[in-house]
């Protein structure tokens, strides 16, 4: 029986939602992830230190007492965020980053930033205190094709930010294009990126060919196969600039299977198992541990986890759905087989 033991991984980008959904989302993310960067796009969003810390308390309350999972909190940036709020958040030791959502770019992003120039005093403060900037890298101009919005964002917004703030650590989250891979590779060492399991395993054909599959619909949207191959090459390259971030984003079943369905794919039920499948297919299982367990912690300036988990190559069938609050969430690979499972 083939097995793989790796240092306990972390998830550097996950959505847990709020309220009674936390009982289910925290259960899934805390099964074997040591830490996770928690997205702040709630309703209303966690725009200040106090709301982020209150959200952290609700997450901690939802996990079992013996579970050592640690939520790492994030501020939601708006046009009204102040440099003083950044300093206050950093001083807590519990808020590790601030998130740039271009207004309207994704779920619950209507309060996001309308112009990057509005943020420059805040970005200066972040660079001073050592707080990371997390970026949803898409423009929201409706005249820009949805498949081009990441590329245009890199060219028109992020390139200038990287130039203007050489001491600011920036994570370009859930990258989806060869353009983003090239951008990060050419950028200085203060720029890195997360890559999701579903963008490694799937491309837009999986979502659109032979019928629309709404559970593959996420933002940034799945791209063509050539971009998928660039992501696989980046993730398995051994470059410290790329690390695990699931962007697992739960939506109730009827909100996905709808005439105007929500964007987001749920992968927290089997995150490391999905990554293992992608890395094995690329002949790079030996690169999984660093991608999942080392590079993210190193970039954030946090210690690596010291304990381990073990995966075994034993196929199992993913349930058709999982409980979410008083409803159900349909995960990636629902009703299908997965090759790997965590056994300890």
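Even glycines carry a Cβ here, placed using N, Cα and C.
Per Swiss-Prot, the substrate site holds 15, 16, 17, 41, 136, 251, 263; the candidate it also names there, chosen from 75, 168, 219, is 219. Zn(2+) 1 is bound by 13, 15, 99 in Swiss-Prot, and the record lists one more residue there from 247, 254, 286, which is 247.
Taking the centroid of the Cβ atoms of 13, 15, 99, 247 as the Zn(2+) 1 site, the other same-chain residues with Cβ within 8 Å of it are 14, 37, 39, 41, 134, 173, 174, 245, 249. Nearest to residue 136 (substrate binding site) in space, judged by Cα atoms and limited to the binding-site residues 13, 15, 174, is 174. Residue 13 (Zn(2+) 1 binding site): 27 other CB atoms within 10 A of its CB, across all protein chains. Relative to residue 174 (Zn(2+) 2 binding site), the binding-site residues 15, 17, 41, 99, 251, 263 all have Cα atoms farther than 10 Å away.
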